Structure formats: C-alpha cells, structure tokens
Amino acid sequence: MASYSCCLALLALAWHSSAYGPDQRAQKKGDIILGGLFPIHFGVAAKDQDLKSRPESVECIRYNFRGFRWLQAMIFAIEEINSSPSLLPNMTLGYRIFDTCNTVSKALEATLSFVAQNKIDSLNLDEFCNCSEHIPSTIAVVGATGSGVSTAVANLLGLFYIPQVSYASSSRLLSNKNQYKSFLRTIPNDEHQATAMADIIEYFRWNWVGTIAADDDYGRPGIEKFREEAEERDICIDFSELISQYSDEEEIQQVVEVIQNSTAKVIVVFSSGPDLEPLIKEIVRRNITGRIWLASEAWASSSLIAMPEYFHVVGGTIGFGLKAGQIPGFREFLQKVHPRKSVHNGFAKEFWEETFNCHLQEGAKGPLPVDTFVRSHEEGGNRLLNSSTAFRPLCTGDENINSVETPYMDYEHLRISYNVYLAVYSIAHALQDIYTCLPGRGLFTNGSCADIKKVEAWQVLKHLRHLNFTNNMGEQVTFDECGDLVGNYSIINWHLSPEDGSIVFKEVGYYNVYAKKGERLFINEEKILWSGFSREVPFSNCSRDCQAGTRKGIIEGEPTCCFECVECPDGEYSGETDASACDKCPDDFWSNENHTSCIAKEIEFLAWTEPFGIALTLFAVLGIFLTAFVLGVFIKFRNTPIVKATNRELSYLLLFSLLCCFSSSLFFIGEPQDWTCRLRQPAFGISFVLCISCILVKTNRVLLVFEAKIPTSFHRKWWGLNLQFLLVFLCTFMQILICIIWLYTAPPSSYRNHELEDEIIFITCHEGSLMALGSLIGYTCLLAAICFFFAFKSRKLPENFNEAKFITFSMLIFFIVWISFIPAYASTYGKFVSAVEVIAILAASFGLLACIFFNKVYIILFKPSRNTIEEVRSSTAAHAFKVAARATLRRPNISRKRSSSLGGSTGSIPSSSISSKSNSEDRFPQPERQKQQQPLSLTQQEQQQQPLTLHPQQQQQPQQPRCKQKVIFGSGTVTFSLSFDEPQKNAMAHRNSMRQNSLEAQRSNDTLGRHQALLPLQCADADSEMTIQETGLQGPMVGDHQPEMESSDEMSPALVMSTSRSFVISGGGSSVTENVLHS
C-alpha cells in the first residue's frame, strides 16, 4: 500500500514535470521551501479539446513583463533574507515558483505540485519509494494574483492548512476564514476600496453612475459592496453589467450599447486589465467619449488600458493605486537579470527573448506562433513589441537591458512588487518566531514550540496569524483576524505625458482607512485633468442640481436620483444645493425671499418710538396734565362755592383716580414684560373702579338728598364724609380682591406669538385667565351701570350747575366707548390689541374729565361772577318753584274752599295755564306792598305777617278773560301768566281737569331772601284769583349748620342750600299746600 501511494505521488510529480518544464518554473533548493504563483503570461491559447486524442497541456501566451518583475521581487527578498545575519541565521530558504498564466487551471496544476510533495513528506515514504533525491515540503505559498485564481488555490491549500499569502488578490470574499482557512494577504481587501469609490462620487456630487464588473470573484463582490455604499449615499446606478476576457463579441456589443445610451457619465469598473480590454477596444472603435472611468486598483495602472491610442476615451480616469513602497537594491537586481546568470530562473530565457525580440536557441527558425505583448495583471501594462511573422535573430547575450523600455523596468511606483517583497518577509518573520521560540512561551499546547528543522505548514500558519513586525519603511505589519493587512490607497489620475505622449499616472490624493469617517479622503482638484483635457468637474446626475432655496422632489416611477426641484415653503430653507429636504427655521426666524437662509423675524409691539405709540403717549400725557391742572385749580379755589358744592375731598379723590386711569394706559405701550403684563390690567381696573365709585357716591348722595321730604338724622348720619370714603373704599376693595386672586392663581405674562403672522413675532401679554379678566371688566361695568342709573334719575336736579346731568353724559360716553371696545378688541390682533385698549382707556378718561370738571373749571376761571352762593341758591329757588307749580297742577283732587266774601257757590276748577317768563330788565327798585285779600287757606305754623304785594296796582278789566301780573321778588322779575276759560263753570267743575300750564322764571344774581312772602295773583274776575304764599322755611337737612352761616369755610354749600319750603297755592276757590325740597 505504501509502495502504491509512493508511485501515485511520483506519477503526479512526473505529470507535473511534463506540464511545467525547466523553462516554465524557477526553482532553488533550501532548508525551507517557499512556493510562488505569478502570472508570467496573460492567458492560454484556446484549443478545441475534442478528446479524440490524449489532451495536451495548454500553451501560455502573451508575456507579462510586470508578472516577471513580481517574480523577481520574491527571488530578491529570499536572497536578501538568506544573506541576512539576523534573520533565520544558519538557515537557507529555497523556492519553487510557477506560472499561473492568469488562469485557474494553471494555478491549480502548480498548487497540486505543492500539495503532493507535502503529502509524500507527511507519509514518510522515502524508504519505500527509493527516491533518488529528497524534495522538502513547501511550507508556504506566495500568490496568486487575481482574486478568482487565489480563490481556487485557497480552497485547495486550505484543505492541508498550507499558508497562502497573496500580494494582489483583494476580493472581500477571501476574508471569510470559515471557507479560506489558510489565506492571508498583504493588500487591503476591496471593502475599503468600494467605500473609497463611493466617497469619491459623493465628493464630486455625482449621483448617476453606471457599473461594470468582471464576472469573477473579484468583480462581483467588489461591485456588490459598492452598491451598498452607494445606496447609503443616495447614489443611483443607471446600469450594471458583467464582463470577461472570454466574453464573445455579441456580449461586448450589448454592453457598449448600454454605455452609449446611458445618461450616466461616470462608470465604476471593478475588473482586471485583461477582462476590461475587449470592452475598451470596442468603445474606442465607436469613439464613445466624454465618460469618466473610476478604476479599481486591478486596472488603475494597467498598461493594457493605459495606451496612448486609447487616451481620448480613457483620459482623465480616476483610479486607486496601492501604497508605493521602497525596496533598496531592487533596481540593480532587476538590471542583473541574464539567461546565463539566472540559472535557477527558468523564466529568464523567455524574458530575454521577449525583451530583445530574439531567440537564444541557435538555429531556431520559423515564425513565432503568437504575438508578443508586454502586459501586466492588476498592476498592468500592454505594449506590442513585434507582431511580425519574420524570423527572429539570434540573441548575442550582450544586449543591454536599459536600452529597451519595458514595464519590467518601470521602477517609479513599486506597488505589487512591494507587496510580494512584504509577503516573503512575513513568512520569514514567522519562521524567525519559530526559530527563537522558548519552551513554555510557544503558541502550541502547553506553550510548546515547533522544531524549526522539522517545521510543518500548519505551524507556520499559526505564527503568521500572530505576526507582528516592523518592515523596512518603519511600518508595523500585522494581520487582522480575517488575515487582511490594512493599508491606504493613492488616488491617481491619467494624464498624457508631453514628453513622449505616453499615459502617466499622477497622484492627486489619497485615502486613509485609519482616519475617522469623513476625513479619510483627500483630493487636490487642481491637479486633476478630466476627459477632453478639461479642468471643470463633469456633470453626472440624473437631474440638474437643485439650487439653495429648493429641495429635491421625487418623480413617481423614477429612481430617487431623478427628481424635480421644488421651492422650499415659507418658513423653511435650504442652504445648500441638492438638499433632500428643507430645514425649518427656528421659532424666532423666518425664511428670506429666496429661502436660502433664515432671517430674524420682525418683532412687533406697540413701541414708544413708532408714530402710533408716540401719539397715544402724547394723549395720555395730555390727559395727565389736564387732570393735574384741574386738580390744581380745585385746590387753589377750594374755598369758592362751586368747589365746596362738589364735595372737595371726594373731588380730589376722583381727580386722583383719573390720573391713575391716564397713567395706566402707559403700561400698554412699550415691549411687554412680565411685570408690565401683571400690572397693566389691575392698574386699569382698579383706577376705573375708584373713579366710578367716587361718581357713584356723589350721584347717589344728591339723589337721596333731593328725594327726602324732611331731613332727618338718618341722612346726617349716613351721608357724612367718612362714610362716603368708606363706600368708595369698599367698592374699590372688591376690584382689588379680584386682582389679587387673579395674580395669585393665573398671573399674566409676556408671550411671543408666532402664529398670527409668519414673518412677525408679536410680543403680547397672555392674560393668564380670561375668567379673571372678564370678572375685572364685568365688575367695572356693573358699577358703571349703577352709576348711570342714579345719574340718569337725578339728571334734572340743579345741584352744583347740573352736575348730575353731566355725570349722566359721562356715563353714557363711558358705555359707548367700552361697548365699541368689545368688537374692536375681538377683531384686532398683535400690537393693535393694546392700542385699542389704550384708546378706550383714554377716551373714557377724557369723557369723565370733560363732562364732570371742565364746566366747573370754565366757571371758576372765566365766569367768576357765577361762582357765588347767591347763584347757587337762585338755581335752587327756581327748581323749587317749578316743582311746586307742577305738583299743584298735576294733583288729581284739589281741596276747594271759597271765601265768604266771594259767596258759597261751588267753584269749578278752571282750565288754566301757568307760564313763567324771565325779564331781567323789568325790575322795580322797591317792591310795593298792598293789602290783598287773604288766601282761603294758610299754613297754621307760619308767622303772622303782612303779605308782600308783588305787582303794582293795575286797572281791573273784568271783561278780559286773561290777566298778567309782574311779580317783583328781590331784584328779579318773575312774570306769571294765568289764564282762565270758564264759559260754563258747572261744566268745568265736572270736568275737573286742567288743560295747560306753563311757568317761566328768571333767576337773578340778587339775594333770594329768607322771608315768608305772599304771592297773590289777581285778575279782573274776582272768582279767578290765585295766591302763592311761602308759609315756612326749615333749616338744613344734614348737619348742624344754619342757613344764616353762609360765610363759614367748614360749611358745605350743597348742605346749606338744602331747605324745605312750604307753599300754599290758592285760586279759583281752591287752595293746595305743597312742601318743596330744594337745594
């Protein structure tokens, strides 16, 4: 059985040796062997395997100069390690390197060789197989290049835990350690690259792109990751196509049609150079220009694509390049390559022939079967050296490698080459860790260490996973848990060299995966040259950018990147282009006209400085000065009768309340503050209640005094000055109590109202409780209504120049103002609410001030002759006569007595009319006294005295039905006209009614006189005689002051003039006694 296994292994090796001859591998012995997989050729010749004969190994074609340079980097690193005294001393590293021809099949053939040798060593069959030469196991493999190739190799090597360190396979699928257990790499995976691509598109504000990916394990995962990143950034993908170097012409044509018809100008390509080359050739043939190609690192510097004849199509490409490294001495090592000197490198012979287009085999004739290209994979490059079919000359061996420009000597940027160099050193440092391991500190069971002389592949894999060393550039090298080596990218831009017309790769930025999100990408836009040699960033959006002040609106049925620009609504703004939504302005701000920003809202209130506020302030100040002026006048003329008659103390309090009313209006002007809001309504309410309470007490007092028939002690007691102030206090205290409850439970406060108008903030007062405000105003209106009732009832009383009448007018004005205030207050808003209330307060205050005080001030200042006690008493007397006459004539049943001298016949009550007519000129210097016939009935209490004849001796005319008499009273003249119409006395007596009466009296400024007077009226008819006789005078109703104390300062004129006079009116055979109360 052992012999059988040995023979199978030998057969596998023999078959592999036939497939890979000496010229198709590089091999060198050593204590430890490293395997290598490099794409020395770009592909294999297509053959139709019809299986009619034994299948032959496929032939590799199209030489890859960069692939050979990567192989040289591995050899250089191994030789440098072998010569190092500090790294793996006393040990030699060997290598076995094979050409993968950039295909999975060739790579698996080479991998099978590594696995088979390791299997033979693990079986220890040398003694049975009788092998002539022992070949050590391959403890690690460097490679492969493409992700698709590495995926196939990793599946096979993973079965035997042989570590694989790739230098160019970046597919993120290879990070799956459950499937690829032994895979590691010195290149970042495509996850970071896909993120970087999305960041670049977002940076240039593109949102409409197309994607193309290689149909393998490199392109599909890479473009899938890009889609995820693009979706997070609202980047839309117009088309997504897969390509391959093996795609037929029809498939390529379809992809080109899609690209040509698409409106996307940016195309993201995750592919290698060989897979992309057929597509680019067709695009060049069709001359499709104006596209921006975003290249992954696999073809970002590929010479297959970066050809001068393609520049009008691919010029301006933005790509990712791996971080370039430095390998000291590597350039000289590359220049030393020679077929005769590189005995361990079977690929050197073909490299020499392809470089100098010659052949080393003497006598070789005939055309070469294939064209010779210079081409690279993933780092790329393609140059046609010779497509001629002529005979190649013999190589002399003296050719100079520096005389020919090939990608092999492109030493400017060592990216993949440096990754190869780093992969070799990673394996060497893992071996070094094994070599220097101390028992008890190892990575294996119980801290044991591996034997460096018998080291196995899985032990090397263990140490690679825990690797940590510093490279020649001073950077820390370590593999993460996924076996990846995190690195950065360079951003390159394709330019056309002005020197030789070739395409050069200019570094225009970088991508730092270690930086925090948002700061990873840096691009210098000034260095970028776009397609068509333009410096302006191309446009690749489904819709035009929405300018500031607008937002993107979704179009139904279209991708989210295809939108229409919608203007931001009022109150919202967008300060940047392509805003997905408009931002709402803060509460105190509003959008400007273009909706590009927010501006502070206009703050509006009834300000002191605005014309309306100034006008109201002036009116309020005017009211305050007028009130103060009136108060000053009253204080100065406090001892005059008209001031005394108004109850000085109560008038002072009333004027003070009016001052408060005018002043309270000022709290409604200016910016509302919490304290002004809490003060203005109570100040207004309390001031008006105080004012109305004073008026109410004055009005009610006058009414009660004039309605009283006989003054009693009740009036003197309850209408004293102290009680009047007490009533004012009680009425005002109720309002104060309402305000205290209001301020305690729900105090008003300033409020910034944003809802009334969009662009204006109205600073107003929030009243806190509408119920409390209603109670305050309601109580004020209730007192005003009561005051109006009493004032209206006493409007005809003569007290103090018809003060009750003016109070009635003032209350009427008060109600008109506040009734008008209610709809105006409800229909206004903002600052006009305060203005309406100020106007109402001022109007009501001016009405009260004018109606109650202006007439008195006018008399005091301009009519001092009327500011006398006599004037006051004369008005009282006139009122008394009118009351007496009306009371007599309206009495329904009159006691009729006839004088014995006139006979006992029953008289009838004539239809009479009494009128009074004032005549200031008709006066007599001295009244004439005549004996008149005594009245039929006299008041028994009055003193006996001779009646005063009030008219001169007149000639009687008995035939006249009407007589007129002039009655002289003091210095005034009163004319009474009494007419009688009694054609039938009996009929008139039965009618018992009066037809008409009138009385006109003129008051004079002379002394009214304080005496009893008999006022007889005699006509020609003896039966028609009417006599008015004052029968008594009673003293003041209130207080202890006597009527004679006229000059006393302490005496109230209103109280002095309050008297009760008793009159007997007789005539026509009847008499009536009437008590008249007048003031």
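Counting starts with 1 at the first residue shown.
Here the Cβ of each residue, glycine as well, is placed from N, Cα and C on the backbone.
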Same-site residue for Ca(2+) (record: Swiss-Prot; known: ILE81, SER84, LEU87, LEU88, THR100, THR145, PRO188, ASP190, GLU231, ASP234, GLU297, TYR489, GLY557; options: SER166, SER170, SER534): SER170
Matching range for Swiss-Prot feature annotation, region 'Interaction with RNF19A', among 670-690, 754-774, 880-900: 880-900
Recorded disulfide counterpart of CYS101 (Swiss-Prot; options CYS60, CYS129, CYS131): CYS60
Membrane_side_equal(PRO641, ASN700) from Swiss-Prot: yes
C-alpha spacing of SER240 (spermine binding site) relative to TRP70 (phosphate binding site), in angstrom: 33
C-beta crowding around TRP70 (phosphate binding site), within 10 angstroms: 29
Segment-level pLDDT (mean, integer) for the region 'Cysteine-rich (CR)' (542-612): 86
Site of maximum Cβ density within 10 Å, from binding-site residues PHE68, TYR489: PHE68
Among ASP190, ASP234, ASP238, GLU297 [binding-site residues], residue with fewest other Cβ within 10 Å: ASP234
Candidates PHE68, ASN90, ASN446 (recorded positions) - the one closest to GLU297 (L-tryptophan binding site) by CA: PHE68
Candidate recorded positions PHE68, ASN90, ALA168, TYR489, pick with smallest Cα gap to ASN446 (N-linked glycosylation site): ASN90
Spatially closest candidate among ARG66, ILE81, ALA168, ASP190, ASP238, the listed binding-site residues, to ASN488 (N-linked glycosylation site) (Cα to Cα): ASP190
Secondary structure content of the region 'Cysteine-rich (CR)' (542-612), with strand meaning DSSP E or B: 2 helix, 23 strand, 46 coil
Densest Cβ neighbourhood among SER147, ASN261, ASN446, ASN488 (recorded positions), 10 Å radius: SER147
